[in-house]
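Just below is one structure, and these are the notes that go with it.
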């Protein structure tokens, strides 16, 4: 190839192609004697046969990681991208196959995008529906070439889709319509790289929307249900559903397309249980689909709970995370808590609390928190020392583990026998949970406040947390959250000053929901902490009243209920009543006193009563003078 003329080069390439190029020894030998430089240079020739020969060799040896990097460093990627525009189908196929191998290197993926290779590869996917739906043996030669070109292009895009920027470029190039067309094909060699590309791209919200609107969910379910030995196809389908099922409409489409049945069938298949990547994808899809109550009802009909409990014995942490996540969603329905308990699912869940995998611990805390709502399950958790293990998760550095653990403690404290003594038995436990009020994570703060509200129902525990400084910390938290003004939903309109503050701290709907959740539980914690010593007076002295009154402006009824309850408890102190009145609480309470919520009515009436009693006492005192 180096010294011969054109004919000699072609003959040499043919001889080289006949060698066993798939072995690492052959691949490294070609690199070490300078063969890669010659092969890359041949890509620039005008001779079709030389290009074909060079590409035939490069497409085979580029499976080697070192050779991929060398080809990239030699400037081979731009040359391959240029060949994609060549009218010869054979060249397009080999160039795309080579790019599919080389694009597993990050630098190469970037170069392909910079050289405009992505639109060219997307164009290769444009195949007629007839060619996609006709068996390969019945296709005309030109149609066969189209299908093979699409297969090679799909493989290249699959490798390129590991980059977020490349996903965006593929979307701009119009890939969604073509992917939706190709996924309907009967040719598995085409469908598998297309599915690989889809499941890679499904992590992006724009692609999730496109997958739903282009009608791909039904195709995903169809391929998932297909009887085939290609488990990688089922894995990609399940993985795509897993990533897309965060969306409620997608979950409904999976159910309506009959996708829940094959997922359950795969989960209980012994052969699938040995294939960990496939099992992880299937259990992940089950977990996300179970977020919808309608899907849980269908899963219950398919007897999913014993299957998931059986999978708790698996040693793969990704599988366990997904299985436990599915159990957490299913156990939001009381009947499934009983099924979990009767299938001896609680002991292995408690054992998992000893692990260190953060996503797994997040889900274990959630499912045990759901189980703790049932008294019989709570007894088992307590007997297995599960509450202590959940409490120990508060020391975990992962904020979501902390939040879920604190949330799980609420039903545990509420339903445990002699819960007050149990909480006090955890050495340093109360100090630990109070210290989490310094967290900067809003979910952690909300869940810790909810737990403190339960802890404070026991007077001895309330005395302990008071000694640990819970009152000033809660008061400071009220003031901090006050700066994130809730949307005005009750009583008077926001003042000019409040409107300025509100506009200066615009937040997304999700932020607003999280803020309201924190306000709800923070107010509940303050209310329950008022029942010890001078805590009630201290909240007023520390300036917690005006910001707490502003919480009544929220649109969330739960915030109204707990805030009114907190104001009722705080109004036991005369000075707090004066502050409330000056803060304009009466307008809010006059509105909430007419609520259909009895607890909100009672709290509002009680607070107004205390304010009115103080006003009457002041009038009588003034009259006597």
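Using N, Cα and C of the backbone, Cβ positions are placed for all residues, glycine too.
What TrEMBL records for this protein:
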type: REGION; residues: 492-517; note: region 'Disordered'
type: REPEAT; residues: 34-76; note: repeat 'ARM'
type: REPEAT; residues: 75-117; note: repeat 'ARM'
type: REPEAT; residues: 215-259; note: repeat 'ARM'
type: REPEAT; residues: 428-470; note: repeat 'ARM'
type: REPEAT; residues: 543-573; note: repeat 'ARM'
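Secondary structure of the repeat 'ARM' (428-470) per DSSP (helix as H, G, I; strand as E, B; remaining residues coil): 34 helix, 0 strand, 9 coil. Through the fold, the repeat 'ARM' (34-76) approaches residues 1-2, 6, 9-10, 13-14, 16-17, 21-22, 24, 26-28, 83, 88, 90-91, 94-95, 97-98, 101-102, 104-105, 107-108, 111 of its own chain, all at least 6 residues removed from its boundaries and within a Cβ separation under 8 Å. When pLDDT is averaged over the repeat 'ARM' (428-470), the result is 95.
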